[in-house]
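A.B. asks: Dropping the structure in here first, questions after.
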């Protein structure tokens, strides 16, 4: 068909030929589906191939190997000529990519480069992350992910998860079914109201579920296709975002009360209907007033886990147990003071109380007397009980009012000081165990250097975000990072391999104890209260085994029969990023 063909049918096939709109030049190529003539008003069907080959294979991140396709694979899968002639090993690809990432001086540029790689070549991304976890963890997770969320509207390229907004109310199940993967085992969901210590970032909080699930795969071995990041968009109260022309979410105030509750109910019901009762739903960065409510509401009939409450609690308890190997005594011998009484602070306090109760064979109520909390109004005491939120009341002990942290330290004289308030530069007093947990680094209650200097090198220090090693009196101190990434990937793997149907506090305690067990005397000698991240997959396999064992012991596991060696079984279930060979 040469030149232009005029017809009155507007492009409807006529007699085996396609009649073109007036003035359209086809160049001798038949436009079988009318794509070149389509406009916004005249639509076409978006046809796609089913089997990846040629260009489609190179654009499929799960199967793309880039320059690692062998000569045989290039012939078999119609790749000849679509790639340069060289064939590179995956190791050489990894070396080149790491070199490229290191060239960027700005952390956000490194983050963007890694996200681009994940969207291009999934296995290479995970191999790079696994092999260089200590270097790249701060890039794909805290602290860089915080800045990524703040600028998510500007750096947004393509969706990496599901966005479920109030527009989809009554249709959430339909939205879930739009996700191509059907065998989902772990969902990380946020509503973006309390992203790290940065506040309400609304729909832009998607960076958190995406980052968490990347760690589920890299550190815990849960396969990528079984992970689903979800952002629930119920609006935002962030004025800057509401005015931002590039903001990608609903430009309206946050839904609250019954509207919010009904929307979350529909979401949880749809998840269960679509994926069954054994899909783990991890709540992430919900505001305090919703986080506790949602966890308590759904934990009895859904498989749910709140990383900010339970994951943070487990990693901090593990650090405290490990620190006792150095400072001596049992948990019951120590007095704990928490600066911050939100979901992290009270979650840690409650898990510590449960462990004291178990170790000392006393009631949880009695164990709580060893724990004191400070919030924005001062020490939490009995005289304030009527004005306290329910989750704080259990720690309202008899004591005269104290208005600030320094006053509380002088009055209580704690042996462990733990910060989760998100108020930077708050700790100004020496104590043996100092945990400054707020993220990102700018929100940390004190720096590593301050902790070692104030305590004249005696403090055992841990933080939520990474700090560089500190030299004090000719001794090098390596700060411990109380990073949730020690816990949640292994915990999730344990839940998945056991087929658990519920999460119990005993399973969270098992995870904390498993992590503490892996801190050796050599680590303690160096001032470390956590094992190095370089062996994180081994750590995760051990945590998974302990969590799975507890699930079996409690009768909550459905994966039968129970494996004889749970550590080896966990390791055998972990995803490997090594390239596969194609027929």
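Each residue, glycine too, has its Cβ placed from N, Cα and C.
Keep in mind the model is a prediction, meaning the values are calculated, not measured.
Annotation source TrEMBL lists domain 'Malic enzyme N-terminal' at 118-299. The annotation active site, proton donor is assigned in TrEMBL to 141. Among the features that TrEMBL reports, (S)-malate binding site is placed at 194, 439, 483. Annotated divalent metal cation binding site per TrEMBL: 284, 285, 308, in sequence order. Residues annotated as domain 'Malic enzyme NAD-binding' in TrEMBL: 309-552.
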A.B. asks: Roughly where does the domain 'Malic enzyme N-terminal' (118-299) sit in mean pLDDT, to the nearest integer?
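C.D. replies: Summarising the domain 'Malic enzyme N-terminal' (118-299) by its mean pLDDT gives 95.
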A.B. asks: Counting distance between Cα atoms, which of the recorded positions 141, 194, 483 is nearest residue 285 (divalent metal cation binding site)?
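C.D. replies: For residue 285 (divalent metal cation binding site), the closest Cα among 141, 194, 483 is found at 194.
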A.B. asks: Round to a whole number and give the Cα-to-Cα distance in Å for the pair residue 308 (divalent metal cation binding site) and residue 483 ((S)-malate binding site).
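C.D. replies: Distance (Cα to Cα, whole Å): 11 Å.
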A.B. asks: Cβ within 8 Å of the divalent metal cation site's Cβ centroid: which residues qualify beyond 284, 285, 308?
C.D. replies: 190, 194, 195, 208, 283, 286, 291, 306, 307
A.B. asks: Sort out the sequence-distant neighbours of the residue listed as 'active site, proton donor' for me: same chain, 6+ apart, CB within less than 8 Å of its CB, listed by position.
C.D. replies: 211, 212, 214, 215, 483, 485
A.B. asks: Within 10 Å of the Cβ of residue 483 ((S)-malate binding site), how many other Cβ atoms can you find? Include all protein chains, please.
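C.D. replies: Looking across every protein chain shown, the total is 26.
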A.B. asks: Once the chains shown are all counted, how many other Cβ atoms turn up within 10 Å of the Cβ of residue 194 ((S)-malate binding site)?
C.D. replies: 24
A.B. asks: Counting other Cβ atoms within 10 Å of each Cβ, which of the binding-site residues 285, 308 scores lowest?
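C.D. replies: Taking 285, 308 as the binding-site residues, the minimal 10 Å Cβ count falls on 308.
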A.B. asks: For residue 284 (divalent metal cation binding site), write down the residues of its own chain that are at least 6 apart in sequence and whose Cβ falls under 8 Å from its Cβ; none is a fine answer.
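C.D. replies: Set apart from residue 284 (divalent metal cation binding site) by at least 6 residues yet with Cβ under 8 Å, we have 188, 189, 190, 208, 209, 212, 306, 307, 308.
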